[in-house]
Amino acid sequence: MESQEPTESSQNGKQYIISEELISEGKWVKLEKTTYMDPTGKTRTWESVKRTTRKEQTADGVAVIPVLQRTLHYECIVLVKQFRPPMGGYCIEFPAGLIDDGETPEAAALRELEEETGYKGDVAECSPAVCMDPGLSNCTVHIVTVTINGDDAENARPKPKPEFVEVISLPKNDLLQRLDALVAEEHLTVDARVYSYALALKHANAKPFEVPFLKF
């Protein structure tokens, strides 16, 4: 990013935004040049992407972790596969979407889950607003965990709305290996949130890493 000569103000290490200049705006996103003060008192600029749809809610959208529970079956994580033009190919993701004006994150999560997968569930927990790619955008989401009763009649044959997505259910206890297999077979990309979740499951169930003894 561009930088300018240091100013005489703000030499105490505090960083803050000075100004934001609109460069280009489309229907869904806009590009801005953000001018800010770095810890040394130098004025710098940063190119930032922001959504045009943000309202008064605390986050732009929701990402749903749907846990499908059925009697005598392993728990499964319900994912969606869809074509993403910016990636130029297919991606595996959590069901997700923007929060409508006046809608709670929990309500948005249940709505998006049903629209994309056809499943109906119950909210187990909802995270605070968390950032997604802070080096590029100010976009934030609530991560909402939803449990799905697979024994319920309404979830026996879920009917998602036609959104050009494929619903994939993978065993929770083998999620990372199944994702790696799909990547190798279909040459798609896994969303970082999904892969991080799979890695966390693996690490949580694995033996602690051995720390080698130091030799003196």
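Using N, Cα and C of the backbone, Cβ positions are placed for all residues, glycine too.
Quick caveat, the model's predicted, so the values are computed rather than measured.
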- Message: If I go by Swiss-Prot, which of E154, E163, E166 binds Mg(2+) 3 at the same site as E112, E116?
- Response: E163
- Of 9-30, 53-74, 97-118, which span is tagged motif 'Nudix box' by Swiss-Prot? 97-118
- Item | Packing count at K42 (SUMO2 cross-link) (other Cβ atoms within 10 Å of its Cβ) | 15
- What is the separation, in Å, between the Cα atoms of E112 (Mg(2+) 2 binding site) and Y74 (phosphotyrosine)? 24
